[in-house]
Amino acid sequence: MKKFLKVWSVLTIICMTVVVFGGALVTKTGSADGCGNSWPLCNGQLVRLTDVTPEKLIEFMHRMTTGISSIFVIVLAICAWIYMKNRRETKPLAIIAVLFLIIQALMGMAAVVWGQNPYIMALHFGISIICYASIVLLALMIFEVDRKFDARNLVMGTKLRVNIYALTIYTYLAVYTGALVRHEKASMAVPVWPFENGHFIMPTSVQDYVQYFHRLAAFILIVWLLYVTWLVFRDYRRYRVLTFSMVLSLVFIALQAVTGALSVYTGVNLYIALAHSLIITMLFALLCYLCLLASRSKSNRLRIK
């Protein structure tokens with residue numbers, strides 16, 4: 001059973017990664033209306049080879065991969081619930097994974113049938129990364145990463161725990177601003193990075209405000225992440241799980257900044273934009289894992305005593 005769970009959890013992560021990629025691809029290529037206003041079929045029927053368009057194919061494939069991923073997520077949640085029922089985090093994570101998967105699908109359906117609001121569609125991406133993060137956490141528990149990094153003895157102080165919780169919430173909000181940039185079609189509102197012609201220009205449109213707000217949010221995120229990393233290396237260097245996680249998070253945020261800048265310089269190159277979406281998804285999942293470790297800190301302290 002354990003071997004099956006390991007294989008299945010990896011396959012589920014791969015499937016959810018494809019879904020995240022697919023959703024970003026739909027947005028980047030403007031394929032959201034590729035299947036008309038019917039759901040789950042395209043214009044009320046399966047795609048016929050005689051009338052295939054790139055937009056229709058992208059949208060239909062996204063729906064199909066979402067359906068397949070749903071099966072993987074539900075099976076993983078049920079099996080983890082049964083096999084790891086003695087772990088206190090298993091049931092909440094399994095419920096979150098399935099619940100947010102359903103919400104994500106319903107929001108996608110609503111957007112197709114009743115039209116797309118950019119602020120709601122930006123939240124659609126945020127829902128998907130919560131589902132993704134819960135699947136990653138279940139997989140890490142299945143692979144017993146805690147034991148490999150000796151995380152069972154990890155004890156965090158209040159300052160670090162509060163910063164990790166707050167940073168994770170803030171990262172989610174920053175992700176929302178990035179998704180809003182895409183859905184408000186503001187990616188090239190300020191075509192030079194970080195500012196227009198090297199100078200700050202007062203925004204004159206909604207797209208300008210959205211773009212500037214996202215860049216400000218990203219800058220604060222980088223500074224905050226550097227601060228938390230400094231805290232870890234100053235006070236918790238003996239815990240490999242923390243030092244490794246923070247180094248990895250810095251790699252992610254550096255790649256995120258680079259792909260963000262390159263997205264502007266290349267006129268929103270499709271592959272760079274997709275990488276930009278995937279990297280922040282993985283960073284959010286990593287921060288959620290740190291939240292999981294922080295939530296265990298008090299019980300670890302009592303157990304060690």
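Placement of Cβ uses the backbone N, Cα and C atoms for every residue, glycine included.
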### Query
Based on Swiss-Prot, do His62 and Arg182 face the same side of the membrane?
yes
### Message
I need the CA-to-CA distance for His276 (heme b binding site) versus Cys42 (disulfide bond), whole Å please.
### Response
29
### Message
For the C-alpha pair, I'd like the distance in angstrom between Glu59 (active site) and Cys42 (disulfide bond), rounded off.
### Response
9
#### Entry: Among 7-27, 64-84, 161-181, stretch most in contact with the transmembrane segment (123-143) (C-beta, under 8 angstroms)
7-27
### Summary
The predicted model's mean pLDDT over the topological domain 'Cytoplasmic' (144-160) is 80
#### Entry: Ranked first among 7-27, 64-84, 272-292 for CB pairs under 8 angstroms with the transmembrane segment (161-181)
272-292
